[in-house]
Amino acid sequence: MSKNAEELQEVLGSPLITSSNLSSSGYSTSQNDAILSRRVLRKIDWRLMPIMFITYNFNFIDKVILSSAAVFGLRDDTHLVGQQYSWVSSVFYFGYLGWTYPTTILIQKLPVGRYVSINTVIWGFVVACTALCTNYGGLISARFLLGMVESTTTPAFVYVTSMWYTREEIPVRTGTWFAGNSFGGFVASVLAYAIGQVEGSIAPWQWLFIIFGVATGLWGIIMLFTLPDSIESSPFLNEEEKKHVLDKVSQEGTGKTNRMTSIWRSEQAIECLIDPKTWLFFGISICTQIPNSGTQNFGNLVLEGFGFTSLQTTLVGIPSSFISFFTILITGWLSGKFNNLTCYLIVLVVLAPVAGSALIYSTKVSNGVKLFGYYLLATGPGALPLSMSLMSTNYKGVTKKMTVTAILFIAYCAGNIAGPQFFKTSEAPTYSTAFCSIMICYALVIVEALGLRLYLSWMNGKRQQSVENDATTKPNDLEEDTTDWQSCNMLYRL
């Protein structure tokens, strides 16, 4: 480039299009790449996000309809007494816990699209069969099996998101499909209100399980033909687009996740177990899920205690679904837009539930104020998708990522098993022990999130200092399956 051209470039503040970077179509190579990148990302989003969002709708609905069923006669018809309903709520996560780690291995070894789809068909069948339960033993068995088959969905979606998207793209996509949880709460409430008015030989609570179970199974069949197994096998991308995505996620993502070329590495699993951030993520997960399962399964019973009828509870809970839905979407977008905001966003979304649980715990406020406190709890579910997206972007190495995913969901299950047990039948309808524990758990999340940010900042500082001392790229940064500890030039997102 001539001196005059360089001076002109400096004045304009952007690179000049020259014969060296001009393509035959008249556009610069960088412009062509940008156009291709936008087009491919849009195609991926339109294929994956609706599938994952709708699946997560069903994932949430099929868990929370137990709460609606409880006020529509399930407890009386199945002769539940004492803490038996709490155990029916908890046992789902025993099944979830027992199958979480095996399923993370199968996700890595099997065609992930087909594996998730078949699981969805099976879980729909199990939900529909729950309508046949007539006693405590039947409910316990059905809910345990449902936990097993549903345990595949979330780790599979974390895996799929990290497979298709870069570190910068992951947070908003995780927030998008996870928001299906909250939107599913809205759908469940509206349909439960309608189904709750059905009269006939089949009880309303049985219709809930039949209708949603059949719908889930049919959706699983649709998934079987629409959710791709991998980038290489995706039918909606041409060869140029597939190569572009593979190159992009390899260079800018969190490491390749091609099941055909990846092998299990025990040293990566050990590294995950001794990594301090693993246990900070573990703490955030367990402390957010103790409140989560309790309010999911006892929400309608709590609202009944505020003076609402069984039918009214299904409608009164709708604002909570919307608050949670928009909290997850907005914080996911903010997390993706601003690299180092996620830990602060986790703190922000759990502050309101601390206040809300304190209001419900108090005996000196009216039921109207307690209802306001109940709505404040609705921002709390936003903490888990933020934590998951942060985990996805801060771990490299196939085995290490799958190990931390399993650990995260072990914590998820443990929290959800414990949560319903704090709702003591003897304390109904105030459930004072439960709301005291919810307040403490969310307060601990604040401490854990700030501790995580402090640790990651310290690690970034060490790496920046190391790069300044040695500007060369470390050899193992260039290997295909390296961990974040081995990738010395990688900076963690905060």
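Cβ atoms are placed via backbone N, Cα and C, with glycine included.
Marked as domain 'Major facilitator superfamily (MFS) profile' by TrEMBL: 48-460.
Sequence-distant neighbours of the transmembrane segment (84-101) (same chain, 6+ residues past either end, Cβ-Cβ under 8 Å): 63, 66, 70, 75, 136, 139-140, 143-152, 155, 293, 296-298, 406, 409-410, 412-414, 416-421, 423, 425. Among the features that TrEMBL reports, transmembrane segment is placed at 84-101 (among others).
Under 8 Å from some Cβ of the transmembrane segment (121-146) lie the Cβ atoms of residues 58, 62, 66, 77-80, 84, 87-89, 91-92, 94-95, 202, 205-210, 212-221, 224, all in the same chain and six or more residues away from its ends. According to TrEMBL, the transmembrane segment annotation covers 121-146 (among others).
Sequence annotations record features per position, and here TrEMBL assigns transmembrane segment to 177-195 (among others).
Long-range contacts of the transmembrane segment (207-227) within the same chain, counting only residues at least 6 positions beyond its ends with a Cβ under 8 Å from a Cβ of the stretch, are 47-48, 51, 54-55, 58, 61-62, 65, 68-69, 72, 113-114, 116-131, 188, 191-192, 195, 198. Residues or ranges marked as transmembrane segment in TrEMBL: 207-227 (among others).
According to TrEMBL, the transmembrane segment annotation covers 315-334 (among others). Long-range contacts of the transmembrane segment (315-334) within its own chain (CB-CB distance under 8 A, at least 6 residues past either end) are made by residues 171-176, 178-179, 181-186, 189-190, 193, 299-300, 303, 306, 308, 341, 345, 348-349, 371, 374-375, 377-379, 381-382, 385-386, 389.
Residues or ranges marked as transmembrane segment by TrEMBL: 341-360 (among others).
According to TrEMBL, the transmembrane segment annotation covers 372-390 (among others).
Taken from TrEMBL, the feature transmembrane segment applies to 402-419 (among others).
Among the features that TrEMBL reports, transmembrane segment is placed at 431-456 (among others).
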Across the domain 'Major facilitator superfamily (MFS) profile' (48-460), what does the pLDDT come to on average, as a whole number?
88
